[in-house]
Amino acid sequence: TMPTVDDILEHIGEFNFFQKQTFFLLALISVAFTPIYVGIVFLGFTPDHRCLSPGVAELSQRCGWSLAEELNYTVPGPGPVGEPFPGQCRRYEVDWNQSALSCEDPLAGLAANRSHLPLGPCRHGWVYDTLGSSIVTEFNLVCANSWMLDLFQSAVNVGFFIGSMGIGYIADRFGRKLCLLITILINAASGVLMAISPTYTLTLIFRLIQGLVSKAGWLIGYILITEFVGLQYRRTVGIFYQVAFTFGLLILAGVAYLLPHWRWLQLMVTLPNFCFLFYYWCIPESPRWLISQNKNAEAMRVIKHMAKKNRKSLPASLQSLRPGEEVSEKLNPSFLDLVRTPQIRKHTLVLMYNWFTSSVLYQGLIMHMGLAGSNIYLDFFYSALVEFPAAFIIILTIDRIGRRYPWAASNVVAGVACLASVFIPADLQWLKVTVACLGRMGITMAYEMVCLVNAELYPTFIRNLGVLVCSSMCDIGGIITPFLVYRLTSIWQELPLVVFAVVGLMAGGLVLLLPETKGRTLPETIEEAENMQRPRKKKEKRIYLEVKKLDIPLN
């Protein structure tokens, strides 16, 4: 028989110099994706704010007040329950330019009790306590307009959703390399345009375009590197591709600290994308894709290039190629296949829920930290560091203990940590930070586990569709998360954590309904996937046989 790509890789190196170099280059794309995924923490930072009242600054200067005195005399204090910070959105309807106002408690002359003074909305804009700027301070996305900040982050995730839905088809149709370069170009261009957008609407549109192409590009990088390495390296390379994303978090914290103005920050994190266009000369097309398109001569050229880079020779017996097993499968998968049979239906529902919760908790914890944090840059940096142990725990446990128990445990740890941090008093800051980091580590593990296990639970012909449909839930989660975090926080600072705890603990319980896939070969047929948990009852046996009958015409 003619050799497949995997047979050839055994001879020319499954993870040698060529693959290591290519992995490094593609991992940089993973690093550069971070600012789009969680950049909202810095780009959309909301500092303390109060209404700008004309005349207050002059009065303050004339009287020689400190900032604390100015706030005390001129900004409404905490009001009735349900409106904890009226001073951020309402102001006294007072003409501060009157000469009659005294320097000691100027309002005393106007009303016996301050609470009787009329309050009105901020008509003249806001004063922000910050040296830098963000889209919030520039476009005044506070008070009645605060939903626009949620919309900004939701738009990115709408882009992620559409982009990752379409990219599998486009990358199969036009090739990995072309798609990668086009997504990089559009991403870089729209990133720069966003940095110079004069209005909120334009900023939102360009961010949406970045969302449309950036996750798609990230996924193509993922596909490419896993197609270049031998089978036994696929999983580890996939995990380390995600570890590169964590490096991106560390770099983002540093760059954001050095550039507190959002336009400069956005420009700085976008510019590296232009360098990736040089990959046209550095990274070849995937030989697996070329073979699937019957472009065997080109595939052979790429393979010889890989062999040369790896300093290996290609035996003459391997100079001809045959298509891999994927191409001979000409079954048309449909969404119904994911829910038609009982076990696969259960897998689909549990995986969809877990993709959803992993995304909500991961993004939600990062956003909530940006709101609750004392030093936003350090908090962001420390919480990113705990993602490294998460990756190594996965690599150590996944083949020794298995998938189910570490995965369930990581969800439970995340849920318990969220719940615990609600009850930790503010003066125990070190404990709060420790628990928050444990929660972040747990949810990072859960997120990487669901990526891994998803493919192992579906039979070959619906595997890609299964991963696509289930993982699309993480973008749906991302669309909801900003509203969840920012709106619930305005009711009670810790409320999002209570919600996270409930969904996280439920996810941990549901994981235990899935079969263990450690040491199993990937299921080829629906029947094999159905039998992953040994059938318990005769009735189920009968369903399997009927399904098998249904499947015969397809072959």
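Just so you know, glycine gets a Cβ as well, placed from its N, Cα and C.
The domain 'Major facilitator superfamily (MFS) profile' annotation in TrEMBL covers 23-519. Per TrEMBL, transmembrane segment is recorded for 23-45, 151-171, 178-198, 204-225, 237-258, 264-283, 350-370, 376-398, 405-424, 430-453, 465-485, 497-514.
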Stretch contact, the transmembrane segment (23-45) with the transmembrane segment (237-258), Cβ-Cβ under 8 Å, 3+ pairs: yes
Any contact, the transmembrane segment (264-283) to the transmembrane segment (178-198), with at least 3 Cβ pairs under 8 A: yes
For the transmembrane segment (376-398), distant same-chain residues with Cβ under 8 A (at least six beyond the ends): 41-42, 45, 235-236, 239-240, 242-243, 246, 249-250, 252-254, 256-257, 365-366, 369-370, 406, 410, 433, 436-438, 440-442, 444-445, 448-449, 452, 518
Range from 151-171, 405-424, 430-453 with most C-beta pairs under 8 A to the transmembrane segment (350-370): 430-453
Closest-packing stretch to the transmembrane segment (430-453), where packing means Cβ pairs under 8 Å, from 178-198, 465-485, 497-514: 497-514
Distal contacts, the transmembrane segment (178-198) - CB-CB under 8 A, six or more residues away: 29, 36, 167, 170-171, 206-207, 209-210, 212-214, 216-217, 220-221, 224, 263-264, 266-267, 269-271, 273-274, 276-277, 279-280, 283
Chain residues in Cβ proximity to the transmembrane segment (497-514) (below 8 Å; excluding those fewer than six residues from its ends, i.e. six or more beyond): 346-347, 350-351, 353-354, 357-358, 360-361, 364-365, 368, 404, 407-412, 414-416, 418-419, 421-422, 442-443, 446, 453, 457, 484, 488
